[in-house]
Amino acid sequence: MVNVSITTDYSRMLFMRNTKSTLKIAIIGYGSQGRAHALNLRDSGFDIIVGLRPGGATEAKAQADGFTVQSPDQAAKHADLVAVLTPDMVQKKLYEEVLAPNIKQGACLLFAHGLNVHYSLITPRSDLDVVLVAPKGPGALVRREYEIGRGVPCIYAVHQDLSSHAEQLALTYAGGLGGARANIIKTTFKEETETDLFGEQAVLCGGVSSLVQAGFETLVEAGYQPEIAYYEVLHELKLIVDLFYEGGITRMLEFVSETAQYGDYVSGPRVIDRSTKERMKAVLKDIQDGTFTKHWIAEYQAGLPNYKKYKQADLEHPIEKVGKQLRAKMVWLNSEKTNDTTHPMSSKVV
């Protein structure tokens, strides 16, 4: 895949300029990403409609932001591009019952995550362009960076190209979000979906949370104070992740002590070894062949019994009780919560 700089491609710049004045975009959903997309695109000169259930919790918020709010079916009827920015598990029903009967012929259907299309939960009409545009950051960050004249990198993909302009539409949309100010990378629905799920399951969410819990349990079972264990395996994780974020693993190693570096080199591979990688491959295989998605759909349709059980077990883990007590004394956290509503995974919560 290649990085794309649309600012250096005159034909794409011309397409974007000409499209702004004519393209009507319907944003379906007004959560973290939906609101950021709608505001940024409007500020970039596009005509925006927001599609929401009448009387829903976000309708008043969208209206307060100055948007025309219509029901999703009406918004789809009037739009040239329909951006589906709702949670994954409601998209199939939304598309089949609301969007498919109403979206006009030749319009563009846009997703911010490829799960439903990649696993054929949604089969878009053949008379539509179908694209993906995903900012690599939470909605609050997408909006904040745009407002100060910068942008969050975006990835994009094309699934169907009826008009022969689907790629340019995706790039135009990404540019309207501010992505062209940073970086835009071409991908596929398959690559975006499978890597996104793998990252969440094996590293960012599943991997890290299980590692932290295991580290906490190891220290407490060895007789160390739970409070000290919490600080060492969870609280200080932010310091390390911030360094990762700024400059990768090598930057982190530059800023920790030589003792910590040596411990990294000799003990890290004892915890995360070749067998870990083999289990990661098994997780990836379940994602690639659709096993995970099949199980997730069955779980959702059954009313989430196991999901609720897993969630309750996490809530009851001793690290949560200790953490709650310690965080109550961290007065700076309250001010951070007040001033910053950004959560890294909220890019999925729309």
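Backbone N, Cα and C define each Cβ position, glycine as well.
Annotation comment: Swiss-Prot describes 4-187 as domain 'KARI N-terminal Rossmann', evidence class sequence analysis.
Within the same chain, no residue at least six positions away from VAL90 (NADP(+) binding site) has a Cβ under 8 Å of its Cβ. Taken from Swiss-Prot, the feature NADP(+) binding site applies to TYR30, GLY31, SER32, GLN33, ARG53, THR58, ASP88, MET89, VAL90, GLN91, GLY139.
Here Swiss-Prot flags HIS113 as active site. For HIS113 (active site), other Cβ atoms within 10 Å of its Cβ number 23.
Under the heading domain 'KARI C-terminal knotted', Swiss-Prot lists 188-333.
As annotated by Swiss-Prot, Mg(2+) 1 binding site applies to ASP196, GLU200. Over all protein chains present, the Cβ of GLU200 (Mg(2+) 1 binding site) has 15 other Cβ atoms lying within 10 Å.
Every protein chain shown contributes to the tally, and the Cβ of ASP196 (Mg(2+) 1 binding site) ends up with 19 other Cβ atoms within 10 Å. Under the three-state DSSP scheme, ASP196 (Mg(2+) 1 binding site) falls in the helix class. Residues or ranges marked as Mg(2+) 2 binding site by Swiss-Prot on the basis of sequence analysis: ASP196, GLU232, GLU236.
Long-range Cβ proximity for SER257 (substrate binding site), meaning a same-chain Cβ under 8 A and a gap of 6 or more residues, is found for none. Taken from Swiss-Prot, the feature substrate binding site covers SER257, and the record attributes it to sequence analysis.
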Secondary structure content of the domain 'KARI C-terminal knotted' (188-333), with strand meaning DSSP E or B: 125 helix, 0 strand, 21 coil
Sparsest-packed of the listed binding-site residues (ASP88, GLU232, GLU236) - C-beta count within 10 angstroms: GLU236
Spatial separation of ASP88 (NADP(+) binding site) from HIS113 (active site) - C-alpha basis, Å: 8
HIS113 (active site) in three-state DSSP notation: coil
